[in-house]
Amino acid sequence: MNKDLKGLYAALLVPFDENGQVNEQGLKQIAQNTIETEELDGLYVNGSSGENFLLNTEQKKQVFKVAKEAVGDKVKLIAQVGSLDLNEAIELGKYATEIGYDALSAVTPFYYPFTFEEIRDYYFDIIEATQNNMIIYAIPDLTGVNISIEQFSELFNHEKIVGVKYTAPNFFLLERIRKAFPDKLILSGFDEMLVQATISGVDGAIGSTYNVNGRRARKIFDLARQGQIQEAYQLQHDSNDIIETVLSMGIYPTLKEILRHRGIDAGLPKRPFKPFNEAHRQTLDQLIAKYDL
């Protein structure tokens, strides 16, 4: 790796206006919040939490640009460029590399039943075109793509595939990957399983709720690495109470409402997502007060 990419990252939220356009000022505020308030190590930009798959190519570039302008070189930046359109993925990868992103990431191609060889070559083609480091984004519950340990081995043989964002509940496979590839980067993608992932030896984590709950995630991560498992679990219980409540109200509009409570112009989710339901206002206010969000 050209740069140490270990640590905790916010899966950056993106604010939109009523017309579905990116709210640049609000995006800068959200990005800065992750550094100044949540004290995270980096940003994972244009992932699921950024509602990436609802954006056109120019909007994705806009998000990359504004996030980079907001944080400069203060934290590490990973650009998620995955797309069903390989040409778009390459275009985005080149752009993010040119403006200074530390690494690329790409979700596995989804919807169509691609063969592993097609998936492998998709990654190799992006790397060849961009000459940047690549982090595989494995999220089988949403893509339907399960990568075996043998297939991970074939991918990791490429020197520029430096790691994986592992968003899966299969901790046996996670342990196997960690044992087989001790020098590869593993970033956990399930906020609700941070203790278990840390015990399994991940190098960090990427989370949507870290936009508002990053400090608690940091404590969980540090305590688990230090062997203080019961203390880490107690904080994980608190985090999971937060996550459960947020999910019940709609994750993206609710996280944006928590940011709005902090005075951040967090905008709206992009349609067809609905805005925050005011019927949940009392529940949200109680959540913010109870967990100091």
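The backbone N, Cα and C atoms fix where each Cβ goes, glycine too.
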The aceneuramate site in Swiss-Prot lists S48, S49, G189, D191, E192, S208. Which one of T34, T37, T167, T245 belongs there according to the record? T167
To the nearest whole angstrom, state the Cα distance for the pair S208 (aceneuramate binding site) and K165 (active site, schiff-base intermediate with substrate). 13
Of these binding-site residues, D191, E192, which scores lowest on Cβ atoms within 10 Å? E192
So which other residues, same chain and not among S48, S49, T167, G189, D191, E192, S208, have a Cβ within 8 Å of the centroid of the Cβ atoms at the aceneuramate site? A11, F190, I206, G207, T209
Over the residue list S48, S49, T167, G189, D191, E192, S208, recorded for aceneuramate, what is the maximum interresidue Cα distance in Å? 16
Counting only residues 6+ apart in the same chain, whose Cβ is under 8 Å from the Cβ of S48 (aceneuramate binding site)? A11, I139, L142, S208
